[in-house]
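These features come from TrEMBL:
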ACT_SITE  346  active site, proton donor
BINDING   239, 275, 276, 277, 278, 375  pyridoxal 5'-phosphate binding site
BINDING   278, 314, 318, 347, 375  substrate binding site
DOMAIN    29-373  domain 'Orn/DAP/Arg decarboxylase 2 C-terminal'
DOMAIN    35-281  domain 'Orn/DAP/Arg decarboxylase 2 N-terminal'
MOD_RES   60  N6-(pyridoxal phosphate)lysine
Ligand code: LLP
């Protein structure tokens, strides 16, 4: 459920007509709902009720400071994967003890910053990284809390570009080598091994791959405890999918995911961490765009929008489906048309949908891409010198621009011309 609904014939974000925001900020823009973000965080938090747990929002999905401040205020933890994300987490008010640091390529500088600023744990992914963190921690006179990410060799049955738990993926250490690697880590004085980490992929629409991976983690927990390790924390990653296509059957709900976690891992007496990103932010956001032209091609009509692949790359990059709806509600029984929906960028890949059947629209009309709150704005670029588009947050009947549209000068003046030119 989200808070983008037609009311009085106009798409609303909570209690604000989307048309009103468009008048103030211009198009295209991203628009997020505070109520939906809040609701989605709480669904996960409640799903794990009764277990010692922390929901660590994966900010890679949407790292706007306002979204992060909201999450921090709700009591969330946060999963970061770079020095930049760590700095964002601190700036938004997350205390160090609620920040977990993931990623295969943490630099020594990033490790130093997090150890100095405060960190709940590093999720380590390789032996070289273990040695690096050990050295950095010792140089600072600190002991770094760590989990080690295992690769359980499970097929997440999702898009290959966002599948991470197969042995051919770059993530984690092979689960078969876990005893050896945990023993090595335990011998390093700069590290304190607190648990196991796993993340098998994103946009999973089925609980089975999760359950399979978590059963392997449960087994490993017992083995490692027998080896003498104090395994007290399990980081289960993120990955629960969202319904992008309303016609498809909906993925499992957080409450079902939580029940599965309880069933598979509940008797281990471990603190549970999860790192959802997409499910919290995805359906909490839309991308609003204006139709510039309707162009009739050979056997097809192109709907040319003012948003492009640089603003929302998911369709071009993963062939992802986003529902696209008119902001003005079509009359009941209104005619549908099939469009190729494209942006103005100069490549054919700048296509949001092919032969998409939707209510007829005309130049000047606004359309909304649904499910655009996660991996939308964060993956945007200024390709074709199109400035990053603004982000707006709605709460009830109020809205605020939470990232302004840069002017052309602001964009251009980030470049500098050497004096010898
Ligand atoms: N934890 C780790 C270690 C991750 O790598 C990810 C996502 C998450 C948590 C959050 O997963 P989520 O709950 O959002 O599925 N750009 C792609 C998605 C990439 C996901 C990368 N890792 C997309 O637009 O579909």
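Using N, Cα and C of the backbone, Cβ positions are placed for all residues, glycine too.
Automatic prediction, not curation, is the source of TrEMBL annotations.
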Cα-proximity to residue 60 (N6-(pyridoxal phosphate)lysine), 10 Å cut-off, over recorded positions 239, 346, 375: 375
Recorded pyridoxal 5'-phosphate binding residues, 239, 275, 276, 277, 278, 375 - maximal Cα separation rounded to whole Å: 15
Nearest of the binding-site residues (239, 276, 277, 278, 375) to residue 347 (substrate binding site), judged by Cα-Cα distance: 375
Chain-internal residues near residue 276 (pyridoxal 5'-phosphate binding site), provided their CB is under 8 angstroms and they sit 6+ positions away: 40, 44, 55, 57, 58, 238, 239, 240, 254
Where the C-beta lies under 6 angstroms from ligand 1, the matching recorded positions among 239, 346, 347: 239
Among 60, 278, which are recorded positions, the residue with the most C-beta atoms within 10 angstroms of its C-beta: 278
Confidence summary (mean pLDDT) of the domain 'Orn/DAP/Arg decarboxylase 2 N-terminal' (35-281): 96
Fewest other Cβ within 10 angstroms of its own Cβ, chosen from the binding-site residues 275, 347: 347
Proximal residue to the residue listed as 'active site, proton donor' among binding-site residues 277, 278, 375 (C-alpha distance): 375
Other same-chain residues whose Cβ falls within 8 Å of the Cβ centroid of 239, 275, 276, 277, 278, 375, the recorded pyridoxal 5'-phosphate site, in sequence order: 58, 60, 61, 202, 238, 240, 279, 280, 281, 374
Cβ-Cβ neighbours of residue 314 (substrate binding site) (radius 10 Å): 20
Sequence-distant neighbours of residue 318 (substrate binding site) in its chain (C-beta under 8 A, six or more apart): 159, 161, 162
For the binding-site residues 239, 277, the one whose C-beta sees the most other C-beta atoms within 10 angstroms: 239
DSSP three-state assignment (helix, strand or coil) for residue 318 (substrate binding site): helix
